[in-house]
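Notes follow the structure.
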C-alpha cells in the first residue's frame, strides 16, 4: 500500500511540476511558491521511497512511524494549500487559453497529490501499535506546532516582494519574526521526533512554555507593526485598496500589493491565535506539574 501511494504521489507531483513550470508565471510570487512546494514534496517522497526500498530506515535512531505520519500530514496540507492558493491567486486572472487549461490541470494534479498524502496519513494511523510510534505525532502539541509552521510557510509567498517592507526597518523585523518562529517550530518538531528533549537542561514542559511565550510576544509585535506601517497614512501606509496603483488594473495576472499586505496581516493574526493556544496548553502542563511527554499526557 505504501509503495502504491508513494508512486501515485511522485507521478501526480511530477505532472503538476511540469505543468506549473511550463507556464510563464515566474513573476507571480504565489506561483513560484507553488512550484517550490511541489518540488519539495516530490524530492522528499522520492527520498523516502529510496530509504524504504533499501531498508535504511531501521538504522535511524528515531521513530520511523512518527516521521512518516509527520511527512504525510505536512505534505497533504502543503498540496491542499497549493490547490487553493494557486488557482485563487493566478489561474483566475488568466484568459481561456491553453495556459489556462494547463493551470487547471496542474491544480487537479495538486488535488490528487493531496488525496494521496491524506490517504497515506490515514493508512499510517491504522497501523497496529507495535512500537512504531512515540505518540507525539498524534498529540495536540504536534497539531498546533504543525499549524504554526504551516501558516508561517503560507506567509512566505506574500512577503517575497521586498518593496513591501524594505523601506521600514520595523517591517523588516516583522519578516524576521516570521522566519525565527518558523525555524523554532521546525527545530521543536525535530527534537520531539528524535526524542532528544530528555537531554535538555530543563524540563520538556518548561522548554515548550518558554518557546511558546517568546513566539507569542514576537507575533504580538508583528501584529501591531505590520498593519500600522502598511495601512496607516501617518506611517506611510495605504488605508484604501483603491489607492494602490497595482490594484487598479483588474486583468493583471497577479494579486496586487495591497492584497498581499492584507493577506500577511490576516495570517499573522491567525498564527498568533494558534501560538496563544499553544501557550495555554503548556502553561497548564507546567501548572499541574506534569513532565510527561505529549503523547503520554
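Note: Cβ is positioned from N, Cα and C throughout, glycine not excepted.
Small disclaimer: the values here were computed from a predicted structure and weren't measured.
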TrEMBL annotation of transmembrane segment - which of the ranges 240-261, 262-283 it falls on: 262-283
Within-chain partners of the signal peptide (1-16) [C-beta distance under 8 Å, separation at least 6 from its ends]: 38, 41-42, 45-46, 48-49, 52, 75, 79, 82, 105-106, 109-110, 112-113, 116-117, 119-120, 123
Averaged pLDDT score, the domain 'MARVEL' (1-129): 84
Residue numbers, six or more beyond the limits of the transmembrane segment (68-91), whose CB comes under 8 Å of its CB atoms: 9, 13, 16, 20, 25, 28, 30-31, 33-34, 37-38, 40-41, 44-45, 48, 100, 103-104, 106-107, 110-111, 113-114, 117-118, 120-121, 124-125, 133, 137-138, 142, 146, 150, 153-154, 157, 189, 193, 253-255
